[in-house]
Amino acid sequence: MPEPVPEEKPEEQAPEEPTAEVEPQPANDDEPPADGDSDADGDESGNTTLSGLFVEKPPEAIVGVAGSDITIIAKVDSTTLTRKPTMKWLKGKWMDLGSKAGKHMQFKETYDRNTKIYTYEMKIIKLVAGDSGGFRCEVTAKDKCDSSTFEISVEAAQQDTQQADILSAFKRADGGEDDGNLDFSALLKATKKKKMIEKPEIDVWELLKSAHPCDYEKIAFEYGITDLRGMLKRLKKMKVVEPKHSEAFLKKLDSCYSVLKGKKIVLTCEVMDPDVQVKWLKNGQEIKPSAKYIMECSGNVRTLTINRASLADDAAYECVVGEDKCFTEVFVKEPPVTITKLMDDYHVVVGERVEFEIEVSEEGAHVMWFFEDIELVKDHDSPNFRFKKDGIKHTLIILEATLNDIGMYHAWTNGGHTKGELEVEEKQLEVLQDIADLTVRATDQALFKCEVSDEKVTGKWFKDGVEVVASDRIAMTHIGRFHRLLIDNVKPEDAGDYTFIPDGYALSISAKLNFLEIKVDYVPRQDPPKIHLDTTGNMVSQNTIIVVAGNKLRLDVEITGEPAPTCVWTKGDQQITESEGRIRVEARKDLSCFVIEGAEREDEGNYTICVTNPAGEDKAMIFVKIVDVPDPPENVRCTSVGEDCATILWDTPIFDGGAQLKGYLMERKKKGSSRWTKLNFDVFEPTTYEAKRMIEGVYYEMRVFAINSIGLSQPSLTSKPFMPIAATSEPIRLSVHDVTDNTCTLKWLAPEKIGAGGLDGYIIEYCKEGDTEWVVANQELCERQGFVVRGLPVGEKIDFRVVAVNIAGRSPPASLGQPVTIREIMEYPKIRLPRDLRTRFIRKVGEKINLTIPFQGKPRPVATWFKDGQPVDPTMVSIRSSNVDSILFIRSAEREHTGKYELVLKIENMEDRAAIQIQIVDKPGPPQKLQVTEVWGFNAATEWESPKDNGNCEITGYTIQKADLKTKEWFTVYEHNRRTNCTATDLIMGNEYMFRVYSENLCGRSDDPCFCKNTAVIAKTDLEIKRAPYTKKDKSCAPKFTQPLVDRSVVAGYSTTISCSVKGYPKPKIVWMKNKMILGENPKFLMRNYQGVLTLNIRKPGTFDSGKYSCIAVNDLGKEEVECKLSVRLPIDPDKAPEE
């Protein structure tokens, strides 16, 4: 069916635009009906008729005004259908309008759940003359189908209206905001049209009827006819010509042929003359033999084979024999293009690139892209959309996604449809590394550094609210996600609050620069060492420093004391002495610098600094805490699924990175795909998430990221694939089939809605009336739609319910309307004797007898068989009885099985009887006392008596045979003779005959005959033979050719034969000659003469064998000569033959 492209929103039209006219019109006698009209015998009034699947059909004749819109409606009743019907809109025979869906043609499908009626609409916007013609709508549903045809006629807009309001007629209808302005170019064209000289009207159809088919395309182009196929169909129906008898053709070509693109088609006709040459034409042009077009002749049959049919082969073909022709049309149907790879969903942020990719079944296929209801076309004014084709791959590219691009995107072909959803979220900026406060001394260097999540984001630096300007001392850099502010040769005026503000975001990052002044006091005495720790910057407390894993820690500790103290750093019991490497200590005047490059988790711990000089000692302990992104979450799993949703559960990460977890981010993808789709942009705190908007029956996989203040963890391991499926609907039509004293038989039908999860089976439950505890009746799932619940208490009222089960769980229960009383109901015994057993039952000896006699009755009846009033012998007859029938079985029937069998059915004091008469038959014995009673002339009369054994059935006749005593060969005289006497006639005089007789019955003829005791002798009579006188006939005659030689044209290299026939007496001598030269004993020529038929076989002739061949016959009475011309041509190479 054509893909139901949603109808576009109607645009506002000018009030002067003519409205659509869709009215049923009576069929015009001059205009033929649409091809394939199956409703020709229906109602002629133009009203819709109710037949087949259609509840409402389109009118048979629809008239529309050019430039207006029309809508054709068809309705289908689906109450009796098992699946959704499929609708196709066709124009002519083959044109599927589904591939034409767009701005000019729109298709819509709606469904009413209350009435279960599908409504299909085809809307043609702004009718043009090319829209006229025959249309057909076809609906199919499994093994049911229906179709309706209708004709659309397009009339030109009335001139009076245009002249009355000439200004409105030339307004732009699609001008958008300029809708009201005049189209002066159209006004100028209208002025030129008025000055044109009016030509006399010409009836195009009369012109076409008298024209040659090769001129059809030229005439159609001249008079503006665009639907050539519709024109040919209409012209074909208008040309109602009496079929004239063809003298050249025995059987003409069929009226039309259809073939799928790429397949082979054979056109066949039969001619009167098997030797006549034919020509094949395509659209009036002669076809030359080639690898594509193969022409063959076999006797009277002429065939044209078209290999690998293409759309160019869709044409009219002719077979020409002299002046006679036969025509046909070949329609090439293009197979539908299906979608082999479906479209994925996307979840992106603003500015990201999106590529919707599909794969189709055929290269070069036409694919239409839609955003919601709007078709996407290549437009230079809106370059955000790009279309890409690569073989069978088609891609829709959105360069930079915006919030306006959110929605559903569709891809349509003429044989498939897929869709994908695009979700776009606002871009959120995260601060991955904050700016640290700095304390520096004069002439030192200050470096502020921060890291954000988007490397494309730019920003500005401010000092105390004033933008920082670059200079020789101040430099600002932006490399990737890092933004740096570098201040060389720090001065006291550089101290203050520094802030970085990203462009386009309401976010700021601040830090403080402290200027450290150095004061030198000259003290004549010694000072004990002192450690001055800076409690600002990375220190969260007086002795704790937090470092992000991977970052650099540089701790400058000011040391005072006279003389200069010695500084030692230790971690635990291990002293740090390295001055180079990842962890090192750098010594400067009055400073001790502790550096960790690329901090790792193992670097976390307590570090001790100890300074000593002769005046004393000082110690300080610092705890370095390493924080990192958390480990990925553990054990991601799906705990439950629904029709389009699933519940995902996971465990928290083993290591939280040293910082509190903020939440999680989830992603999903279809199994087999490599593209992950984000499910949330805001941090999700719980460890249980319900994923929605999934497709039922498709496998998905999930993964989870953990987030803390440092950043995003690595993704978790992918969950096991899971499929969103829903439980089935409840079983329907639950009913009680049978009830006994302790059992109840239930039956039901499968649920109406099963879904992608399928159906595993059923669970049957019951409980006593008033109780709430349900008892499961079956330990294993019941796969059938019926079950016998056993072990029920007698007389109790029991409620029953049935639940369908699949992988998604239990369905809603199907219950009975009221409880069932467990008590068997007495039912009189009744034998249902089959109709064929109510008369005599006859079987042959040795055949098998198997009689099944159904009966009814409750409780279970007792069945007893009797033969001729006595119980049957179990050694001769096998009996098996069940609750509902009794079977009598005889493996091999014998004559003693014949008799009257009676079945007696008893329930307590009630009984029913049925009798069956069985007759076993066999072949009869031979007749008795056969004798010849009388002989007269050529006749003999015989008589006999009936056989002693008639085979237990009536004798149906006798077969009488005779034999001559000389030859003793038996011949049948009479068959199926019902009397016990017979007269044999037409016996031969002088012969003596014996006779025998077979008896016959229903089983056939007896094995042995009865022979006659005496014979019948046919006496001779005196006869005289009169012979005619003998005269010798003169057979002499001169040679004469009764069949002459015939001119031939053969292919070089293939043996050929020329032949003729001659008569003459005495037998003439034959001489073969070529170009008046006698052919001697040349092995290339084989000459034969068989009963006057003369043949000359030439083995593998060449072009030099061409010439005149003659045959001379000579005898004593004369001489006769015949000749023919033989031409030998070279074979044609099919690879070098030009293709049509």
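Using N, Cα and C of the backbone, Cβ positions are placed for all residues, glycine too.
Among the features that TrEMBL reports, compositional bias 'Basic and acidic residues' is placed at 1-12. Annotated compositional bias 'Acidic residues' per TrEMBL: 28-44, in sequence order. Taken from TrEMBL, the feature domain 'Ig-like' covers 243-338, 427-499, 829-901, 1039-1127. Per TrEMBL, the feature domain 'Fibronectin type-III' maps to 632-731, 732-825, 926-1021. What TrEMBL records for 1-55 is region 'Disordered'.
Of the ranges 243-338, 427-499, 632-731, 926-1021, 1039-1127, the one with the most Cβ pairs under 8 Å to the domain 'Ig-like' (829-901) is 926-1021. Note on the domain 'Ig-like' (243-338): mean pLDDT across this stretch is 87. Counted as Cβ pairs under 8 Å, contacts with the domain 'Ig-like' (427-499) are highest for 632-731 among 243-338, 632-731, 732-825.
For the domain 'Fibronectin type-III' (732-825), the number of residues in each DSSP class (helix H, G, I; strand E, B; coil) is 0 helix, 45 strand, 49 coil.
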